[in-house]
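Worksheet: one structure, shown below.
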Amino acid sequence: MRKSVLNKLNFLLNSRSLLCSNAFYSRQLSTKINRDHKIPDDNLTLKDFLVVGKNLPKQNIKYEGTDENEDILPPYLQNIDIDGQGRKVYFDVYGCQMNVNDIEIVWSILKSHNYKKTQELMEADVILIMTCSIRDSAETKIWNRLTHLTGMKRKRPKNQPLNIGILGCMAERLKETLIEKERQIDLIAGPDAYKDLPRLLSLSKNGYSTINVLLSLDETYADVMPVKFDKNAVSAFVSIMRGCDNMCSYCIVPFTRGKERSRPIDSIVKEIRTLHEEQGIKEVTLLGQNVNSYRDTSKGIKDCPTELVTGFKTVYKTKVGGLRFGELIEHVANISPELRIRFTSPHPKDFPKSLLEVINNYPNICKSLHIPAQSGSSSVLERMRRGYTREAYLELIRDVRKIIPNVSLSSDFISGFCGETEDDFQQTLSLINQVKYNVAFLFPYSMRAKTTAYRKFTDDVPNDIKLERLHRMVETFRENAQVLNEKFIGTKQLILIEDTSKRSEKEVYGRCDGNIKVIIPSSDKFSIGDYVAVEITSASSQVLKGFPLEKISLTDFYRQC
Ligand code: SAH
Ligand code: SF4
Ligand code: F3S
């Protein structure tokens, strides 16, 4: 019976989230489930869940900004002290770069509410886990970690309580079922609910299980300046858009991250200027689930039609208006010629020639493009709902190489998607052989509930075949990458020194324009954060080695080359 009650709550929360936008931000949905999880189950509505509690009178909730239910707020939502009072937070981060950036947004919000950060698990008052749901294996890893952390929580003395919070995509995907499965979890916050964390954490501190998994139509955290975890970092991620409307049939992201929305250009430029001018950041990576479909409509100016590349289509209605990615990246490139720019993850459909020309024209925009293909078979691509054929993808690659001659390429591929035959897979291998990528991210298919593939197709490629195909993809990628990387030998590359090599104190590393790791001997003539001209002396499929020629500015390097 309890399960059906929770399903009902799930449904109610989901229907709310569809309605919600940031304008309704104050319509907090905080589920208070009493700790022994006894939930009354007759004729329940969402309001019942909001007020269920041992000591609280049953009363109606008033959502701010609405006329719904005039009565007063329950005591735990009234005048709650959201100050962290110096409580120490330990952060654990899983998943993509968006999560790395999001945790810095979370930290910025908590820091301004008087929380402290700790790197010592044992002294933490709060543990927040930023999670990923992209594949089953990603979630398994997090469950294993949770087993360890909840065991630790159980052993804590009463006078040193610990709260555990789940943030991000797994929080959004599993919602309150997380608490159902692991009762030591105190807090669940989805990707658009981070501004609510001070309130949720205060409630958790007072013994409530709290959840906010509302997805927003316009939350971009544009007004939150992320606080860097690593003060000495020379590069930074900057989130420019959130969510995804593409609905690739295998992918959970549109369900965990919600609708696509772009952050206003002014706030992006302001953040990057601050990072570069005040925090010494030399390289920024513009981030988004679909970074090149960026569209800033905040000023309502300029009716820019979508320039879809021939052979590409979308599952959504053509969007119009606003400033596009090509214009944004030009604005960012103009902040300083000494600031290097990368971006990820783009979608192949949003690479119009005008964007490729902008990338080629600016020396400080790296000539390294991630163009995720996912498969080399047109019939698999069709089932994946990628919106292009093998031929259209190859045509795009031809254009890219024509306009940006020395471009280096990376891609994502999935092995063993529903219905993938050996012949389909051979086409993937032939695409990898034909295009030749410098970097590739290769995954075995993992079916995700809710997705189109889950509803329409059968996960019919056995696991051992998925893994065997993955192995063959890795081999094919590596053989090609080895040949490509060897072509760098004898060339001069500009690298930004990032850190000391993990293997040896006597070596440092950075990345060349093509985003390949380059290791060089350390020297007192340059340090972390400097651009150094390097001659490449050896290459493997993963890494280049070289010797330093001189410390140099980005502008001077490209003037010479
Ligand atoms: N928005 C980005 C990537 C998001 S996820 C893009 O479209 O490129 C990163 C990669 O994970 C995807 O490109 C895809 O290759 C892989 N992926 C996504 N869902 C997956 C699934 N269900 N099983 C295996 N790999 C998956
Ligand atoms: Fe997922 Fe496709 Fe969106 Fe990338 S573009 S996040 S793969 S739905
Ligand atoms: Fe994972 Fe969510 Fe990123 S599912 S890959 S953390 S957008």
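From the backbone N, Cα and C atoms, a Cβ is placed for every residue, glycine too.
If you look up TrEMBL, you'll see 87-206 marked as domain 'MTTase N-terminal'.
Under the heading domain 'Radical SAM core', TrEMBL lists 230-484.
Taken from TrEMBL, the feature domain 'TRAM' covers 486-550. Broken down by DSSP into helix, strand and coil, the domain 'TRAM' (486-550) contains 1 helix, 36 strand, 28 coil.
Looking only at the domain 'TRAM' (486-550), the predicted model's pLDDT averages out at 96.
Per DSSP, the domain 'MTTase N-terminal' (87-206) is made up of 61 helix, 23 strand, 36 coil.
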